[in-house]
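**Q** According to TrEMBL, the protein carries these features:
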TRANSMEM  40-60  transmembrane segment
TRANSMEM  72-88  transmembrane segment
TRANSMEM  109-129  transmembrane segment
TRANSMEM  135-155  transmembrane segment
TRANSMEM  167-188  transmembrane segment
TRANSMEM  200-218  transmembrane segment
Amino acid sequence: MAGTRFQNRAEELSQITCGKIEKIKEPVPYISVCKDPTVLITWLSCFGGSMGFYILSLYGPTYLREVLKFEIKATGFLTSLPFVLAAVSKFSAGRLSDILTFLSEKARFVFFAAISQMGLAGGMAVMAFTTNRLLAQVAFNFAIVCSGMNIMGVIKCAQLRCQQHVHFTLAVISFTGYADQFLAPILVRVICPDNTSQQWSILFYFVSVLVVLCNLGFPSIAKSEAADYTKPRTQKTDKF
């Protein structure tokens, strides 16, 4: 009796599932992702942008104190202010992206990537060439605030392109950030051993050029369409 009941249930299940499309859970296509030009330009863009961000975040207090000659109390406030503003800019960028519905997805993330990366590079370029304390402080704040918008630029592009495999892409982006944190102290030590204004100008000029070079190809190479490797494979369930 029990065996007959089990057999009947198995037959019913096979009839229910017969002809249905079954999704196949696939592993991350690492090779395909790593060969995708959109992903590669995204990684390169993040490498350059992160280098500029970490130079400012890690060594901004040193620059404000040693070069601009701000007092220690003022240095703490002036260093933290742009990061608060950057958090606001991230939120505002998301809301603005929702409003700009008349633009395509690519136009929107290229727009925010340009503001983020070129704003960062431009701010550092101003810091490299000016001797005015107020202008340098404004440029410092501007560069960090602009960098906060990158979440709706390069990062948004990676999400649209890689879909369910974006976690791997973001993991590599995190790794590039770690690499930048490792390289930033080396750059500062080599270029700014004496913390002079001229040495810091060279550093800011070098990093601003690096940011620009790493982002030059992004508008033309990046794509908003989901890659072929994100399309789920399916199989048809045969009759039992």
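Placement of Cβ uses the backbone N, Cα and C atoms for every residue, glycine included.
Small disclaimer: the values here were computed from a predicted structure and weren't measured.
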**Q** Would you kindly list the residues that approach the transmembrane segment (40-60) from elsewhere in its chain, counting only those six or more residues past its ends and only Cβ-Cβ distances under 8 Å?
**A** 34, 79, 83, 113, 116-117, 120-121, 124, 140, 143-144, 147, 150, 154-155, 157-158, 161, 169, 172-173, 176-177, 179-181, 183-185, 187-188, 203-204, 207-208, 210-215, 217-218, 221-222
**Q** Residues of the same chain, at least six outside the transmembrane segment (200-218), with any C-beta under 8 angstroms of its C-beta?
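**A** Counting only partners 6 or more residues beyond its ends, the transmembrane segment (200-218) has Cβ contacts under 8 Å with 41-42, 44-45, 47-49, 51-52, 55, 63, 67, 110, 113, 117-118, 120-122, 124-125, 127-129, 154, 157, 187-188, 191-192.
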**Q** Do any residues of this chain, six or more beyond the ends of the transmembrane segment (109-129), have a C-beta under 8 angstroms from a C-beta of it, and if so which?
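**A** Hits for the transmembrane segment (109-129): 45, 48-49, 52-53, 55-56, 63, 93, 97, 100, 103, 135-136, 139-150, 152-154, 156-157, 160, 200-205, 207-209, 211-212, 214-215, 218-219, 222, 224.
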